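S.K.: The structure that follows is given in the form of C-alpha cells.
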Amino acid sequence: MIVRKLSLLKIKNSRPVMTPLKNAPGKPFSPAEKKSKNNISLTFVFVFDKIGLKMKKPLFSALISLIGLLTVISLVRSVQSFTKPDIFQFLDRTIPNQYIVVYKDSVKDTDSVTNELEKLFNLQSQFRFNKILKGYTATFTPDKLEKIKTDPRVAFVTEDREITIAQWWKRKKTPIPTRTPTRTPTPIQSPSSTPTPTLNQSPSATPTVGASNQTIPTGVSRIGLTATNEGAAIGVAILDTGIDLDHPDLSGNIVADKSCISGASRGDDDHGHGTHVAGTVAALNNSFGVIGVAPQAKLIAVKVLNRYGSGSYSTIICGLDWIAQNSSNYNIKVANMSLGGGGSSDGNCGNSNNDAFHLAVCRARDAGITVAVAAGNSNANAANSVPAAYDDAVITVSALADSDGQPGGLGPNTSYGADDTFASFSNYGNVVDLGGPGVNILSTLRGGGYGTMSGTSMASPHVAGAAALYLKINPGAKWNEVRDGLISLGESLNLGHTDPSGLHPEKVVKTNSL
C-alpha cells in the first residue's frame, strides 16, 4: 500500500505556498506539482492499494469543493473509475510568466532577431528554435508581453505549459540478467500463467529469439513478433525522461542522445520511464533480457522530461526541433511521446488557437516523422489531452489489458480488466487510432534491470515499434499512410478482443504480416 500526501496551493503575496499534511507518510511534492496559479487550498490523503483508490472522509468534502470551484463534473468520474487520478491535471498548468514566441515563416535569421529582442527587452532566452518552428522561449512580464506581440516579425506568443509522463504504474522488478554477456544470464521469470493457445495466436513462422533465457514480453507476443522484419536501421526517437545509455539490452541500439532539460548534459534517464518505453520499441534480440517490437531499430534518446517526469511545451519543442535537424543523420522516421497535458486541438495545427506545441508536432509530421502518442490514463475523452488530441499529426494509442500474450480472452483477469479488454484507465474517443498492450508490460528498467509497468505510456511504444516495421517494408510512407496501414492490419473488435465498456471501437495493433 502506498500513502500519498497531497496539499494544494494557497496564493500568498502572489506566490504559491505549499501546505503539506502534517505527520503523514508519503513521497514529497515534485517541482512540477509546486507550480500553480490557482487560489485553492485543500488538504487530503490519497490511499492506493492493488485494487484501487480508497478515499478518506476529508477527501470527499475536498473533492466536492473542487468540483464546485472548477465545475469539472468529469473529475468525480475519474476519481471513481481510475486507480490514481492526478488531481493536478484539472488545475491551470501554465508556467507563470514564461512564454513561447513564434516568428513568422518569413523571418530568415532567427538568431539575429532573437538577439535584437533580448537586448531591446532585457530578456534571456531559455530555448531557441530554428528548424521545427522559428522562435524562442523566455520569461518576461505582462507589459513586455504586449510589446513583443506587436512586433511585425512575431506570428504569435503563447504561454508555456507543463507536460508530464502519461501513465500510472507500479514498478515491479524481475531478476536482472548479468550485464556481462560472457557470463550465464539470470533468466527473467516467465509470467505466472501459461499462455493458452487460441485459433488466432500465431504468426505463421517462428521468430528466432537470442536464447532460451531471453523472454518475449507478453505485449510483444500479443501483437505478433515477426520472423524476419526487425526494423533494421529505422531511427526511433524516444521523447521522454531519457534512456539508460548503458543498459545492456539497449546500448547497442542507441545511436544518439540529446537533452533539453536544464542540468542534464545528455539524454541519460534519471527517472526510469523512458528506459521502459525504449525497451518495448527496440530491446535487442540477444542472449538475455527481453526483446522489443523492432529489435534492430535504432534508438535516439531525447530527454524532454526531468527526473520527476515533468517537462513543458518548450522542452518538447526543443526535442522536436533537434530531431528535425538531425533526422537525416540518424534516419529518424518515428518518434514516441508517452506524455501529456490538458488541452485540445483546433484542427489547424495550432494556427487558429496559437498552440506552439501543436504547430511543432505538425512540422515534425511534415518532416517525414511518424509520431505515436499515449492516449492518457484518466478514463476520459482523449480529445481533452495533448498531444493525444492532435489527430491531424499523430497516431494516438489506447491501452489493452492482456495477461497471456495471446488473443482470445482466455487469460486470467488483470487489475484493470479482463484479459483482452481495454484497460479501465485508458482514455478513449474519436481521436484514438489504435490500441496496444498496456497492462503489466515487461521491459527494461533504468540501472540495467527489467520490470513491469502499466499505462497508455506502455501501449504507445508498441505502435511506435510497429511503425518502424511498417516503414522498413514501405520506405517513404507518409505518417497517415503508416497510420492507415497499421489500422488495416489491426485486430478488429470481437476477433481476439472485446470491449465491454463500449468506448473503444479502435483496432488493436498487429505486426504478424509486417
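Including glycine, each Cβ sits where the backbone N, Cα and C put it.
These came from TrEMBL, pasted as-is:
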- ASP240: active site, charge relay system (ACT_SITE)
- HIS273: active site, charge relay system (ACT_SITE)
- SER457: active site, charge relay system (ACT_SITE)
- 175-204: compositional bias 'Low complexity' (COMPBIAS)
- 504-514: compositional bias 'Basic and acidic residues' (COMPBIAS)
- 232-487: domain 'Peptidase S8/S53' (DOMAIN)
- 174-215: region 'Disordered' (REGION)
- 495-514: region 'Disordered' (REGION)
S.K.: Whole-number answer please: how many Å between the C-alpha atoms of SER457 (active site, charge relay system) and HIS273 (active site, charge relay system)?
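M.R.: Here the two Cα atoms are 9 Å apart.
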S.K.: By the DSSP assignment reduced to helix, strand and coil, which category contains SER457 (active site, charge relay system)?
M.R.: helix
S.K.: ASP240 (active site, charge relay system) to HIS273 (active site, charge relay system): how many Å between their Cα atoms?
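M.R.: Answer for this pair: 7 Å between alpha carbons.
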S.K.: Please give me the CB contact count at 10 A for SER457 (active site, charge relay system), counting all chains in the structure.
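M.R.: A count of 34.
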S.K.: Which one of the active-site residues (ASP240, HIS273) has its C-beta surrounded by the most other C-beta atoms within 10 angstroms?
M.R.: ASP240
